[in-house]
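Everything below concerns the one structure shown next.
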């Protein structure tokens with residue numbers, strides 16, 4: 001799916017657009033305005049009277065509107081009003097509930113499973129196949145790639161002041177890190193994706209390694225994903241390199257070029273022993289030998305030490321999140337909450353990922369270079385390198401720097417977003433689906449909780465990123481790798497998520513941020529210090545939603561609003577003072593009266 005070219009969307013050939021019922025629907029749309037503003041490029045497709053089976057307040061009558069981007073429901077007479085606003089990209093599964101002969105109230109309708117920790121159920125009248133049209137339309141527009149249609153990102157006409165595609169420029173980022181050096185060089189060997197079709201075009205490799213060396217090493221690494229530099233420590237020159245597993249196999253193959261290449265990485269800053277962090281449990285790494293993979297043995301890589309980090313694979317993580325969803329949606333089981341949460345193992349997985357990243361960051365701080373890999377180097381590897389870089393480099397803790405981190409370590413280095421999320425694809429049971437990126441963002445949130453002044457961005461940014469990971473409104477997370485994005489012209493035909501964020505950056509800023517350029521963050525990766533991210537995983541529960549913003553942050557925002565109000569009044573007073581009609585008022589003022597400026601200076605809160 002990722003590398004397929006974009007199908008042509010011919011509106012005139014769309015039977016849904018040409019049906020008589022659709023024309024009737026168009027007429028009704030003219031009479032009933034939609035309660036939500038449509039995005040540029042968003043078009044209404046159908047609306048229908050329906051019953052929403054709300055898990056919190058019971059059945060609610062209303063109307064559902066489906067566009068080419070979202071499902072929107074508004075209750076007819078409920079007090080308070082009930083609304084749903086669901087991007088179709090967040091829908092993972094649509095099923096028919098009940099049949100024509102089903103008995104019981106509200107037993108006939110649709111069941112919708114979402115990717116964002118909620119499920120929706122709608123009931124319709126049983127007579128006349130009343131759900132057929134809405135099921136067909138919802139299925140078609142929620143899974144456009146399965147029906148030869150475009151993802152909404154290609155139909156969107158949104159315009160922003162900022163161009164988010166310019167956020168990440170690889171050469172600028174490498175220069176910021178102090179590269180190239182006399183030990184590390186920039187290579188364009190992958191300019192046409194010939195060395196590795198899932199790597200970016202610009203790579204940093206050891207200065208001593210020739211292009212021919214790189215080609216030889218690529219034959220011994222899974223998917224050709226050779227060890228390349230992700231980050232370099234400015235002072236001690238220790239590096240984080242990332243790659244995939246070596247192709248050792250059951251027969252214990254060796255590759256002298258690969259062994260020498262890792263030794264060159266070690267020599268670059270005089271590291272005594274190169275530490276190779278294998279994200280997998282050791283039993284999995286051994287088992288991978290059966291499929292041609294494996295790990296670096298002590299006997300062949302003599303100047304290296306191998307450390308297994310025991311982080312489980314994509315299938316374990318998928319099942320863990322499913323279990324978490326079962327205990328938090330729709331209702332939280334309060335009586336056995338702690339044991340239920342423990343049984344999901346979600347926080348245990350978070351702990352292992354954070355713990356692995358801490359080990360990487362600690363080695364680098366001590367002046368020792370590291371190589372990080374898992375099986376293919378695009379899931380657990382990305383989690384570990386990006387979290388370690390976040391701990392080591394304060395630039396990545398700024399609003400723009402975090403965007404660069406995601407673009408670099410996740411998007412350009414080929415995390416399989418299309419396969420892991422299933423954008424526009426109806427195959428909900430695909431075994432490639434997994435919440436690896438969600439888990440990473442959760443780890444970042446854990447760090448922001450432990451270091452509340454260290455990050456320039458706030459929780460809203462993290463939630464916005466996850467919402468648009470699914471929404472298909474922006475091109476940022478589409479496809480599996482850079483080569484697929486180039487083929488599908490993502491940069492020229494879609495809008496970047498960072499265009500939205502950077503055009504309204506104040507909404508995503510942490511008011512308590514204190515820049516500290518040289519500080520390394522070591523979060524406590526202990527179950528006692530990790531929390532469930534309630535405001536994300538349980539946010540659809542109305543009781544939780546009312547408690548989302550912290551009282552301290554809420555009070556701070558109120559003070560900022562008050563300051564803005566006073567500043568506005570100050571400007572008005574100054575304008576009044578400068579007008580000719582106000583001169584006699586100025587002359588009659590008491591000499592000891594404080595000026596407006598003097599009145600307002602104390603409002604600048606020194607955070």
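Glycine residues also receive a Cβ, built from the backbone N, Cα and C atoms like all the rest.
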| query | Which one of these stretches, 1-28, 29-56, shows up in TrEMBL as region 'Disordered'? | reply | 1-28
| said: Taking 8 Å from the centroid of the Cβ atoms of 313, 314, 374, 375, 376, 377, 378, 379, 380 as the cut-off, which other residues in that chain fall inside it around the substrate site? | reply: 279, 381, 436
| Within 10 Å of the Cβ of residue 376 (substrate binding site), how many other Cβ atoms can be counted across all chains shown? | 19
| request: Count the other Cβ atoms sitting within 10 Å of the Cβ of residue 313 (substrate binding site), across every protein chain shown. | output: 17
| request: Using all protein chains in view, find how many other C-beta atoms are within 10 Å of the C-beta of residue 374 (substrate binding site). | output: 28
| said: Of the residues named as substrate binders, 313, 314, 374, 375, 376, 377, 378, 379, 380, how far apart in Å are the Cα atoms of the most distant pair? | reply: 12
| query | Other than its own, how many Cβ atoms are within 10 Å of the Cβ belonging to residue 380 (substrate binding site)? | reply | 29
